[in-house]
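The structure under discussion appears below in the form of structure tokens.
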Amino acid sequence: MDPLGAAKTQWPWRRCLAALLFQLLVAVCFFSYLRVSRDDATGSPRPGLMAVEPVTGAPGGSSRQDTTPTRHTLLILLWTWPFHIPVALSRCSEMAPGTADCHITADRKVYPQADAVIVHHWDIMSNPKSRLPPSPRPQGQRWIWFSLEPPPNCQHLEALDGYFNLTMSYRSDSDIFTPYGWLEPWSGQPAHPPLNLSAKTELVAWAVSNWKPDSARVHYYQSLQAHLKVDVYGRSHKPLPKGTMMETLSRYKFYLAFENSLHPDYITEKLWRNALEAWAVPVVLGPSRSNYERFLPPDPFIHVDDFQSPKDLARYLQELDKDHARYLSYFRWRETLQPRSFSWALDFCKACWKLQQESRYQMVRSIAAWFT
């Protein structure tokens, strides 16, 4: 009886000891979890990834290494400069305040550490398989196919099947939409002076560098100029020095923004820069009017499809030339909107922002099937 009675009196102390040990184990696990969570929240660099200072446009494409430990920032490699011409780059946070930065460089030595590689199609299309980044691809690295050229200027797309994760182009259905231009609201009062009609001393201009006699735009021009004088600039025509281009075009009331290729969303600097930045009313030949109106109000431009013939268009332009009120109606949109044009630096920052928002890893099965 005594041994059993003694055991009963010792049992509560054993239960207390077991409870204390259990609480100690829970506390150790909890504080270990807090430490891991805090480390994750600070964004410690992934092992093997060196932070590289953003390129500020150094012609050699090299980047200075920052030895100060920093929060991991996405590293984007430009496999080539666009058309093999170095361009000035800017901090993405400066281009759009409140956004995050990426490290962007054209230094191929960082290829093994790069989170993404932007491949400009024109620079690799002559022999894609030999000009693409090497295999094996670093784990998790995303490749971005980039082109601002229309399908006829993008050869050998079929050779790229299964290589790319994201598309980046002027097409609005691209993963990364990089148009040639756009309209955006004024942040305050319009910052431009009213249009000076007295400075518009000429009627119609057209600047063309790629003259193809059998193209749709040349055929239309030839029919139009039979009824209306058009000043043509470019190769084999009137010289137009780059330094005086906008000054020259701003003297004209109308500008022929004729695209060299007719494809959806292919609306280039011919409209956004040559016409709108010169304060000339664009006369457009390209995709349908409805396609233009996805990016512009209906009144800033004149579409050739609105007329039965080039002769009818010529007559309309001559009428507007004499009717100042009707001509000025093509500028009302400027009271609330302003035109913007693309830059390579901004396009690369758009890729930066997309990569930060979209972590899903996908594969584009066929660039050719989508783009052509």
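FYI, residue positions are counted from 1 along the chain as it appears here.
Just so it is clear, glycine is given a Cβ too, placed from its N, Cα and C backbone atoms.
Annotated in Swiss-Prot:
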TOPO_DOM  1-15  topological domain 'Cytoplasmic'
TRANSMEM  16-34  transmembrane segment
TOPO_DOM  35-372  topological domain 'Lumenal'
REGION    40-68  region 'Disordered'
CARBOHYD  N165  N-linked glycosylation site
CARBOHYD  N196  N-linked glycosylation site
Request  = Can you check which residues sit near N196 (N-linked glycosylation site), meaning Cβ under 8 Å from its Cβ, same chain, 6 or more apart in sequence, and list them in order?
outcome  = none
Inquiry  = If I take every residue in the topological domain 'Lumenal' (35-372) and average their pLDDT values, what number comes out?
reply    = 89
Query = Looking only at Cβ atoms, how many others are within 10 Å of the one on N165 (N-linked glycosylation site)?
reply = 20
Assigned conformation of N196 (N-linked glycosylation site) - DSSP reduced to three states = coil
